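Asks: Sequence annotations record features per position, and here Swiss-Prot assigns active site to His53 based on sequence analysis. For Tyr56, Lys95, Asp499, Gly536, the entry in Swiss-Prot reads ATP binding site, with the evidence type sequence analysis. What Swiss-Prot lists as Mg(2+) 1 binding site is Glu97, Asn537. The feature substrate binding site is assigned by Swiss-Prot to Ser98, His99, Asn100, His101, Arg120, Gln244, Glu318, Ser319, Gln320, Ser539. Here Swiss-Prot flags His99 as active site, proton acceptor, drawing on sequence analysis. Per Swiss-Prot, the feature Mg(2+) 2 binding site maps to Asp121, Asp274.
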Amino acid sequence: MTTNELSPEEVRDSKIYIEWGLTEQEYDLIVKELKRLPNFTETGIFSGMWSEHVSYKKSKPILRKFWSSNERVLQGPGEGAGILDIGDNQAVVFKAESHNHPSFVEPYEGAATGVGGILRDIFSMGAQPIAVLDSLRFGELDNAHTKHIVDGVIAGIAGYGNAIGIPTVGGEIGFDGVYAGNPLVNVMAVGLMDQNAMQVGQAKGIGNSIIYVGAKTGRDGINGASFASAEFSSAEKSDRSAVQVGDPFLEKLVMDATLQAIREHSDIIVGIQDMGAAGLLSSSSEMAAKAGMGIHLNLDMVPQRETGMTPYELMLSESQERMVLVVKKGEEQAIIDLFQSADLDAVIIGQVTDDGRYRLNFKNEVVADVPVDFLTHAPKQDLPMIEPARLANFTDEQFEPDMGNVKETILTLLAQPTIASKASLFRHFDSQVRADTAIKPGGDAALIRIRDTQKALAMTTDVNARYLYLNPRVGAKMAVAEAARNIVSTGAKPIGITDGLNFGSPDNPEVYYELDQAVAGINDVAKQLDTPIISGNVSLYNETDGQAIYPTPMIGMVGLLEDITKATRTAFQKAGDNIYLVGRTKDSFNGSEIQKMQTGHIAGQLFDFNDEDELAAQQVILDVTDQRLLNSAHDLSEGGLIVGLLESAFAGNLGFDISVDLADKYLFSETPSRFVVSVSPENRTTFESLAGDRVIKLGVVTADDTINITTTTSDIQLSLIETKKIYQESIAWKLNAE
């Protein structure tokens, strides 16, 4: 037993395992399986591996329902990231991760290490990372602590992403009071690779070596997995020791060396895995489990940056910029030399065994000896679920916006943080560092050129959690649909999904119901779009003092554009172009931005979503884009038609003159399955013939500063310059206000 550690009997009697997240039943199960009391280190490694953050023991029964295979899928859930075939022996690799709890405690480091962790997932698969996107949720901007979190998170993402040289190309940011105590920091990374470079995280081959590479191990992030598997209490002291500290310059060295090793020594590399949640413990044990093997580690060999670290600390540390490689026996020196030439630690710390045991040695003592399969398969929990009481209380009556002064309503709407331009935040991110970004932040989706080809990859993150609060299943369907519309607006065809499932405590039957219904809704539309869910992340226990966030399943989506010369942008391009609305507008106000703005809350039954209308609208855009008939395309979402029109005008610095056969309120309706597009006069006839009765001509793009909108009840004039100023400066003004 290591000095100052509790004895097995003291572990049992003190019940420290409960503090670490194990239940009484789980501890008893461990005792039964081992036929003895687990020691301090063994109890610790079970607490890490059986945490919800690592094991998904509570969410896995639901996650198994995800549809995750079609002819493009080369790697689905279960590895570091998902992989899709994009033709020409190339593949796109992508995944999303969350760093919610750490970003609340230490906003800068929490967000920065979220970027670092997801990038390692990408390059551990053999792919060169090409882009990062962020899906962020914060409390209201009139809260001083929220401003502190926003500043720290934005700086952390920029500080890490810019330094490592991977462009941050897009994402979305929302603000709602429910996130004040639980901000959400979801990061999606995308990589590109040749298919023959694909790696997996496995430890097979008896006697093969386990090589530790990268940064030294410290005490940062210990218990990070357990920390992310519990809800907050505002009365509790923040656990800063559970937050990792990142070094992007070191990460760049690790990334480059890892990709070089794969290029030059793929014949001797058996497996690669990032040390993420639960650190060395999770990466090594999961690699053994995938191969049905055992592992023997000598912890004396683990590089340490702090003195006196215990086996418990060495195994559960979540120090950043570390990888595990499994290399063929006798071939280790080539890998060691490569990493050491980059001034990185590279040392053999163990071997693959055939006994199915996870065995740890420290100072000539066996400090852990447990079955790999048992360690890596936490007992699943099928939890009870019940429809939230609020849903039964919502009426089907749609909220009626107050249209007393339409012009003022528009200007006030543009100043709302969820609607207003995020340019003052995105400007901190380097979106052009690799010079392949064709559509930068601020458009519907980012577009990245694939070098030496005509192709491009479109990518986006989307979710409107207010919709899910009103109807989890329909809201989730709409999240997938909106992501797809954003991809389609660039001209690309959606090909796959990664998810970031952010929810409250699954121990609450109402929250578990929300999770179940959200997954069902995602599946519903994903199957129809032929976009398999190939990777993802679950972040539960997003609660503070019993107050849960809205159900927030972030949808990360990637699309493929076969010919980048057909790419379409959000901005109106030239005066005289015809403006069209694709799709029908209905009474869709419950859960809308105008409802929140005018009442301070959202309520009521969510408006309808029609799958067939959605697919038809998207197909119209794809068809006319393929014929090069569009000068611009923009999907409609928060804020409705008026916001979509103004965003296209602002992006192109052009005005417009439109007439709509609708009452004023419909300018703010958030009916899904709609786009605003612009078409050159010479293409008008062909466009209308192809699009059919799903489009309505609204008016024309103009070259002057005036925006003219005629409805059945009003004539509205706006100044492009003054309106754009409100849209662009509102968030910066709110952040800087005392």
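Backbone N, Cα and C atoms are what each Cβ position is placed from, and that goes for glycine too.
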Asks: Taking only the recorded positions His53, Tyr56, Asp274, Gly536, Asn537, which one has a CA atom nearest to the CA atom of Ser98 (substrate binding site)?
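Replies: Spatially nearest to Ser98 (substrate binding site) by Cα position is Asn537.
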Asks: I need the CA-to-CA distance for the residue listed as 'active site' versus Asp274 (Mg(2+) 2 binding site), whole Å please.
Replies: 16
Asks: Please list, in sequence order, the residues in the chain of the residue listed as 'active site, proton acceptor' that are at least six apart in sequence and whose C-beta is under 8 Å away from its C-beta.
Replies: Gly110, Ala111, Thr113, Gly114, Gly117, Val185, Val187
Asks: Looking only at C-alpha atoms, tell me how far Tyr56 (ATP binding site) is from Asp274 (Mg(2+) 2 binding site), rounded to the nearest Å.
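Replies: Between the alpha carbons of Tyr56 (ATP binding site) and Asp274 (Mg(2+) 2 binding site) there are 18 Å.
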Asks: Would you pick out, from the binding-site residues Asp121, Glu318, the residue whose Cβ has the largest number of other Cβ atoms within 10 Å?
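Replies: By the 10 Å Cβ neighbour count, Glu318 comes out on top.
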Asks: Roughly how many angstrom lie between the C-alpha atoms of Glu97 (Mg(2+) 1 binding site) and Gly536 (ATP binding site)?
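Replies: Between the alpha carbons of Glu97 (Mg(2+) 1 binding site) and Gly536 (ATP binding site) there are 7 Å.
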Asks: Same-chain residues six or more away whose CB lies under 8 A from the CB of Asn537 (Mg(2+) 1 binding site)?
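Replies: The list for Asn537 (Mg(2+) 1 binding site) reads Lys95, Ala96, Glu97, Ser98, Asn186, Asp499, Gly500, Leu501, given in order along the sequence.
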Asks: Round to the nearest Å and give the CA-to-CA distance linking Asn100 (substrate binding site) with Asp121 (Mg(2+) 2 binding site).
Replies: 18
Asks: Given the ATP site residues Tyr56, Lys95, Asp499, Gly536, which other residues of that chain have a Cβ within 8 Å of the mean position of their Cβ atoms, reported in sequence order?
Replies: Leu63, Pro77, Ala96, Thr498, Gly500, Leu501, Ile533, Ser535, Asn537, Val538
Asks: Indicate the candidate from Glu97, Asp274, Asp499 with the smallest number of other Cβ atoms within 10 Å of its Cβ, considering only these binding-site residues.
Replies: Glu97
Asks: Quick one: give me the count of other CB atoms within 10 A of the CB of Tyr56 (ATP binding site).
Replies: 18
